[in-house]
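Student: Dropping the structure in here first, questions after.
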Protein chains: 2
Amino acid sequence: MDEITFAVLGTGGIGRRALEVSQHKDALTPVAACDRHGVAVDFDGLDVDELLAATEGNIDSEVATDGGTGAATAESGVKQHGEDRGVVASSQARPSEDAIQEIIDRGDRIDAVLLALPNYEHDFIPRTADRFVEGGYSGVMIDVLKRSRVIGMLDERSDAFEDAGVTFICGAGATPGLLTGAAALAAQSFVEVTDVDIWWGVGLKSGYEDNRGTVREDIAHLPEYDIETARGLSESEIEAIIDDHDGVIEFEDMEHADDVLLERAGVCDADDVTVGGVLDVRNDEKPTTTTVRVTGRTFDGETATNTFQLGDETSMEANVNGPALGYLKAGVRRNRAGEYGVFGPADLLPGF
Amino acid sequence: MDEITFAVLGTGGIGRRALEVSQHKDALTPVAACDRHGVAVDFDGLDVDELLAATEGNIDSEVATDGGTGAATAESGVKQHGEDRGVVASSQARPSEDAIQEIIDRGDRIDAVLLALPNYEHDFIPRTADRFVEGGYSGVMIDVLKRSRVIGMLDERSDAFEDAGVTFICGAGATPGLLTGAAALAAQSFVEVTDVDIWWGVGLKSGYEDNRGTVREDIAHLPEYDIETARGLSESEIEAIIDDHDGVIEFEDMEHADDVLLERAGVCDADDVTVGGVLDVRNDEKPTTTTVRVTGRTFDGETATNTFQLGDETSMEANVNGPALGYLKAGVRRNRAGEYGVFGPADLLPGF
């Protein structure tokens with residue numbers, strides 16, 4: 001495939017890891033990265049090592065030396081709270097009053113935009129997409145969101161995306177994303193899928209401190225919280241919740257977009273999809289093996305279960321960012337072929 | 001997706017099952033089927049039930065009543081050896097001196113052609129593709145071949161396919177096909193894949209009699225045989241080989257196109273792919289669980305193995321034909337978007 005230029009909106013855990021993983025991928029050139037406070041743009045390709053070291057390096061090492069609990073360093077990370085907070089800590093970046101607009105203004109040279117913004121309000125990503133459309137953008141936009149209801153908001157914009165020439169890929173991280181794709185592929189043995197059971201285990205290798213957004217997003221899935229109340233939690237309140245659970249939080253029957261994404265791809269009804277998992281904030285090791293089980297009926301009348309399991313040694317970061325960039329490349333291919341609108345990960349796999 | 005019309009070349013085990021499975025799929029209309037002796041064409045859609053019953057029904061029941069060994073009925077099946085041999089036994093079909101040409105001549109109304117011809121000589125499918133190109137065909141062609149070297153022959157025709165507007169999908173059955181796709185997806189956790197180990201188990205639910213082509217193709221993978229010598233074997237010689245192995249034939253380090261298909265998709269080197277498996281011709285149950293193991297290195301330096309397993313109750317027929325039709329639909333989508341040339345299953349998944 002020809003060279004692909006991409007921008008990352010958000011330089012938290014996911015955005016930074018996406019930049020890092022992209023260095024291992026063929027034909028991907030990161031040309032812009034921004035957060036709420038600044039923007040870095042270089043069409044010859046960002047110096048990812050410098051950007052990561054400047055915005056993340058010292059926090060990584062602090063977590064490593066205190067055993068990964070993150071608690072001791074909660075308010076001390078330079079990237080979130082220092083004077084040069086966020087991406088501006090990089091020598092390639094500069095402060096901006098409206099960093100996203102600066103990316104939009106350069107959209108004609110950017111093939112794809114990865115929205116790495118897990119913990120904003122529900123309509124933040126749809127509204128950001130609106131801004132890109134209004135700004136004349138006509139490439140790929142991709143998110144790694146987990147929430148079912150956001151897909152509906154994006155679907156409402158489907159005509160606008162088609163008119164603009166935007167190919168929007170939603171839910172393209174680990175779950176949904178890699179695991180939704182695995183479920184769609186596993187479903188090919190069957191003429192009717194009766195159950196998809198997704199069970200994930202995440203051990204936060206790099207600790208809470210380096211995964212604030214992700215942990216906050218996960219807490220929003222607990223029965224007592226939603227995305228708005230979770231967003232309102234202070235750092236110390238989040239740590240208190242983590243303490244209450246001894247660092248290990250189990251989720252059952254989550255609102256997780258795998259269901260609507262599998263339904264829209266024609267794999268099964270959303271009601272047939274169950275998602276749960278276990279998050280261990282304090283240990284590298286996964287507390288349970290991430291497993292997708294797809295049960296269905298074959299054309300010759302048998303009932304069986306196909307299974308996909310991730311190796312326990314693969315980190316959440318590896319399973320989010322490899323697939324996200326894979327789907328990004330698939331999206332660019334679709335976009336260049338003139339296919340616009342909203343796509344889930346399973347829509348990018350062979351059809352059913 | 002809009003309605004897709006397709007033709008099946010070959011009405012042996014795979015061709016007939018593809019017709020049957022297509023009845024469970026949305027938006028797929030079988031409009032033509034042929035074998036060496038005849039052709040059935042109906043652009044309103046073939047009556048699949050009639051065609052299957054006429055060409056296969058009595059053989060199925062004979063196998064069922066003799067316990068599935070097939071040996072007792074080897075020379076007595078109506079479809080292969082009766083007066084109305086093959087597809088001509090169907091009231092929808094008529095004899096033809098050149099059935100394939102009759103399909104080619106109607107190619108402008110056929111979106112995709114499934115080449116369900118496992119046991120011909122190596123260059124049969126490439127040469128058949130040549131005939132379609134020469135006849136002005138500009139749709140999808142798809143095979144379920146297993147042999148690495150055929151991919152090379154197809155690649156040599158890549159420019160001709162592009163000029164003609166043909167999208168050729170090769171190796172799109174169970175393995176390669178479903179399992180190659182699973183390996184490509186499982187690889188997304190890694191920045192470097194070091195090993196892909198594909199191990200399949202097949203129990204021939206419908207016995208040797210209904211799977212002549214597939215069994216012959218598999219025997220060609222034994223060290224003592226190749227595709228030409230296997231093709232020259234008589235029915236009784238094949239049965240003698242099966243008897244020698246007590247009905248259970250194990251294959252190690254097969255020439256199997258998964259290797260070249262994964263390399264061309266950028267997943268790993270062909271040398272890193274190992275394929276083997278166990279075929280039990282006499283039992284419904286699989287002799288071993290079909291498993292794909294993908295081992296790699298993550299961006300953060302871990303080594304891990306992701307695993308995909310098919311439920312033992314899924315038949316070879318279910319795992320070949322569901323994926324084949326899924327890839328066929330993916331191919332039509334690519335074709336309609338103007339993407340021509342040669343594609344492997346993994347090329348139709350998100351890129352790396």
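A Cβ is built for glycine as well, from the same backbone N, Cα and C atoms used for every other residue.
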Student: For the feature region 'Disordered' as recorded in TrEMBL, pick the matching range from B:62-87, B:296-321.
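Tutor: Residues B:62-87 are the ones TrEMBL records as region 'Disordered'.
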Student: Checking the spread of the NAD(+) site as listed (B:G10, B:T11, B:G12, B:G13, B:I14, B:G213, B:T214): what is the longest Cα-Cα distance, in whole Å?
Tutor: 13
Student: For B:G10 (NAD(+) binding site), which DSSP three-state class applies?
Tutor: coil
Student: Counting other CB atoms within 10 A of each CB, which of the binding-site residues B:G10, B:G12, B:G13, B:G213 comes out lowest?
Tutor: B:G213
Student: Take the C-alpha atoms of B:G13 (NAD(+) binding site) and B:K146 (allysine) and report the distance between them in angstrom, rounded.
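Tutor: That comes out at 16 Å between the alpha carbons.
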